[in-house]
C-alpha cells in the first residue's frame, strides 16, 4: 500500500526550497502527496518562526493538522525555537506531534516519516523528474545557493534557527540550474540569506563546471548563470543581495540584458532595512558603513534599466522623527522602484529587545503608513514612464481577458503584474510560461496594461 503524505509549506522562499527537497525525496521513495488532511496517512508542516505573526500562523497550522488528521511531523524554523527553560516550544503547545526538526533537515524528516509510515517496498525512483518536485508553477523556480547567515543583526534570529553561512558547491548549483532550465523553467530566482556573501565561508574555493575551474563566489556564479540562461532563452533574478562593493561587478552583465533579452535581469532585491547611519548601527547591519545612496546612483548610471526592490523597518527602537525623515528622503533620492515596509515588531530572542527608547505602537504604524504612501507614489510615477514603451512579459496565467504576467521588474507574488489584452488575431493564444513583447498602454497603481 502506498503511503500518502499531507504537506503544508509556510514561510519564505528558502523554506519553500526545503519543502521541495522533502517532497522530491518522498516522491523518490514512492510516497504520494494527499490533496487534503482526510486522505493523508500523516501530515508534514514546514513552519516559519521569524516574526510573531509567522509563529502564530505556524502554530495554528499545526493545530489544524492535528485536529483534522492526528498524525503530524513538524519541521522548519519554528522547530528550532525553544522556551526560556530550554524546552521545545512546539511540543509544549502541541505535545501530540510525532516529531519536531529544525530547518533544512530533509534526512531527519524522512527518518521520522519512515518510523511512523514505512516507505513502500518499490520506490520507482525513475519516476522522479531530474529537476525534482517543485511547489512553484512549472515556468519559474527558486534556486537556493546557500544556507544560514554570518550576520548578527539585532532584530533577527535567523542565525540561531538556520546557523552560519554554508555555501553550496558551485558545480552543484549550476547543475541544478541547468536541469531546471531543461525542464522548462523560464525564470530562476536566486535566493539565500545573503547572496552577496556566497562562497565566503569556504574562502571562494575553486569548483568545476562544464569541465572548467570556477570560483565559488558571487560574480562567477552570476556570470555562469547568465550564460546558461541565455542558452535556454530564460531569465535569472537575484534576491537578497547585500550592497557590498563587489556587487558593482555584476552591473555590466545586467546592462547587457537589453541586447540579448535573456540572462541575468537588471533587477536587484536589496534588504536595506533603513538608511540612517545611527539606526543601521543599532541594527548591526553589515552594510552600515557603505554609502548606499551613492552606490545605488552609480548602479543606475551603469545600468539605466535597473529595477531595485527593498524592504525597510519603521519604528525600530530609538528611531527619532529626524531619523525617519532621513529614511524618507533616502527613498526619494534613491528612487526605489519597489519598496515594502514593516512596522517594527519585537521578535522573541532578538537583541533589539534590549535596546532603549522603544517606539510606541501607534507611532510605528503611523510611520509605516507614511513610508508606504511615499513608496507607492514613487513606484506609480516610475511605472507611468513605461507607457508607450515595448516591454518583455513572462506570462504567468491565461484567461478569457488575455494574459497576466510580469515584466523584468516584477518578481512573482511580491511585485506588480501586467495585464496583456487578448491578441488581435483570433488564432493567436498566449501560453503560460512564454515570454512575449508587448506595448504598455496604461498603468493602474503598481500594475501595467499592455497590448501585443
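Heads up, the Cβ atoms here are built off N, Cα and C, so glycines get one too.
[4Fe-4S] cluster 1 binding, as stated in Swiss-Prot, involves 12, 77; the candidate among 48, 149 given for that site is 48. Put simply, residue 12 ([4Fe-4S] cluster 1 binding site) is 14 Å from residue 156 ([4Fe-4S] cluster 2 binding site) when counted between their Cα atoms.
Residue 48 ([4Fe-4S] cluster 1 binding site) and residue 149 ([4Fe-4S] cluster 2 binding site) have their C-alpha atoms 16 Å apart, to the nearest angstrom.
The two recorded residues residue 153 ([4Fe-4S] cluster 2 binding site) and residue 77 ([4Fe-4S] cluster 1 binding site) have their Cα atoms spaced 17 Å from each other. Residue 77 ([4Fe-4S] cluster 1 binding site) sits 14 Å from residue 149 ([4Fe-4S] cluster 2 binding site), taking the C-alpha atoms as the reference points. Around residue 12 ([4Fe-4S] cluster 1 binding site), a 10 Å sphere centred on its CB holds 18 further CB atoms from the protein chains shown. Same-chain neighbours of the [4Fe-4S] cluster 2 site beyond 149, 153, 156, judged by a C-beta within 8 angstroms of the site's C-beta center, are, in sequence order, 151, 152, 155, 157, 158, 159, 193. Shown are the binding-site residues 77, 153, 156; of these, the residue with the fewest other Cβ atoms within 10 Å is 153.
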